[in-house]
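Presented below is the structure to which this report refers.
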């Protein structure tokens, strides 16, 4: 069978052949190489049984000098120090391993350290060496006790002895067993065999109880006895809290505390308890930004709702107007007559005004209807028949105290159009009014325009009404005015 160098090194170390192991290491073998179980050459040297104990110490020293690591663990978690303690390597081998950095506090997968393995082996010298190493590293002294399990096997336990806290008084003096070990020489080792077999079972139980140390839990000196009831701390009333930006449903009045029902009969006490569970009345919450609820509407809402139905613009059919009440119809006709009774408009009693109002109603019923091509109408009628024009129905929305003035040149164009019956229909009762002189003056001054006639006395309420101007002049009126100025020039080529 062919063996690799690692396995050859393990076989050479296991058989105690130091010279062969030296040749293998000098030939390039790795000192920390392990087999399938994770066992290294150093572990094999600690477990081996040599005829001469000095050969084991010499082999371990040589491997450590070649760089072997004493803290490498195998598949079971055991190190070379554990193998030395369990295999009876002796105190010399343990000292060599500890001198090269072996840790005595490391535990294997079963939870046993090198101290436990040394105690199971019963090697006092090795155990003392391990305790000295723990003390040199500043580790607390470890107390180990051996106990027999109910099945009859030995079971070793390891405890960490910590000094008692200050202020704790022992009620009874401690037994002469080693409570706190000051040196390894004071540690008493006891195993399951030996003198225990000569004692009675009851004496063995007492001795086992004495070996296992029990550390009482610290108690405060002013700790009251369990028979005395603990006084309840005083409960302070809860502080009133102030809600900031809370929800409306959280603004509920806190329930009033119910007085104690002591001294009352059974039924009254039960009724008081049930009454304490009822919720108190909630305050009425005011609604903001909501149209629901029985609250009174604001005064401006009464003014809005108090008015009549709103008229539609350019889409109101004539049938709807005929279906209005007689009182509302008279009011609307009065408002229309007041609007039409402005400077440049007809009198409400004239036949021309009634004919014009009928034409306005017919053309304003639909924004897309236009007069026939053969009919001749005035510019004002053609303007109001357009979709963008304002129908007389839309004028009813305005207050009767506000009158409109559509342009600054309206009166002048009306007077000019009165003298040209072939261009526009007559708008005045007088058939032949004089043509105003609109030619430019020789001095360069602008021609003076006639002032609009007053429709009433200075003190009449009609003259005090406010005139609303939408725009100064319309494009059609400006074009007509420019044409008349060219016709009324000094040469008068058009005549």
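Using N, Cα and C of the backbone, Cβ positions are placed for all residues, glycine too.
The compositional bias 'Polar residues' feature in Swiss-Prot is assigned to 147-162 (among others).
For 180-191 (among others), the entry in Swiss-Prot reads compositional bias 'Polar residues'.
Sequence annotations record features per position, and here Swiss-Prot assigns compositional bias 'Basic and acidic residues' to 203-213.
What Swiss-Prot lists as compositional bias 'Basic residues' is 233-242 (among others).
What Swiss-Prot lists as compositional bias 'Polar residues' is 375-385 (among others).
The compositional bias 'Basic residues' annotation in Swiss-Prot covers 462-472 (among others).
Summarising the annotation, Swiss-Prot assigns N5-methylglutamine to 15 and lists similarity to another entry as the type of evidence. Cβ contacts within 10 Å of residue 15 (N5-methylglutamine), excluding its own Cβ and spanning all protein chains shown: 13.
What Swiss-Prot records for 315 is phosphothreonine, and it gives a large-scale study or a structure entry as the kind of evidence.
According to DSSP, the secondary structure content of the repeat 'ANK 1' (4-33) in residues is 19 helix, 0 strand, 11 coil. The repeat 'ANK 1' feature in Swiss-Prot is assigned to 4-33.
Nonlocal intrachain contacts for the repeat 'ANK 2' (37-72), taken as residues 6+ away from its ends with a CB within less than 8 angstroms of a stretch CB, comprise 9-10, 13-16, 18, 21-22, 25, 31, 78-81, 83-84, 87, 89-90, 92-93, 96-97, 100-103, 106. What Swiss-Prot records for 37-72 is repeat 'ANK 2'.
Per Swiss-Prot, the feature repeat 'ANK 3' maps to 76-106. Through the fold, the repeat 'ANK 3' (76-106) approaches residues 40, 42-43, 46-49, 53, 56-57, 60-61, 64, 68, 70, 112-115, 117-118, 120-121, 123, 125-126, 128-130, 133-134, 139 of its own chain, all at least 6 residues removed from its boundaries and within a Cβ separation under 8 Å.
Summarising the annotation, Swiss-Prot assigns repeat 'ANK 4' to 110-139.
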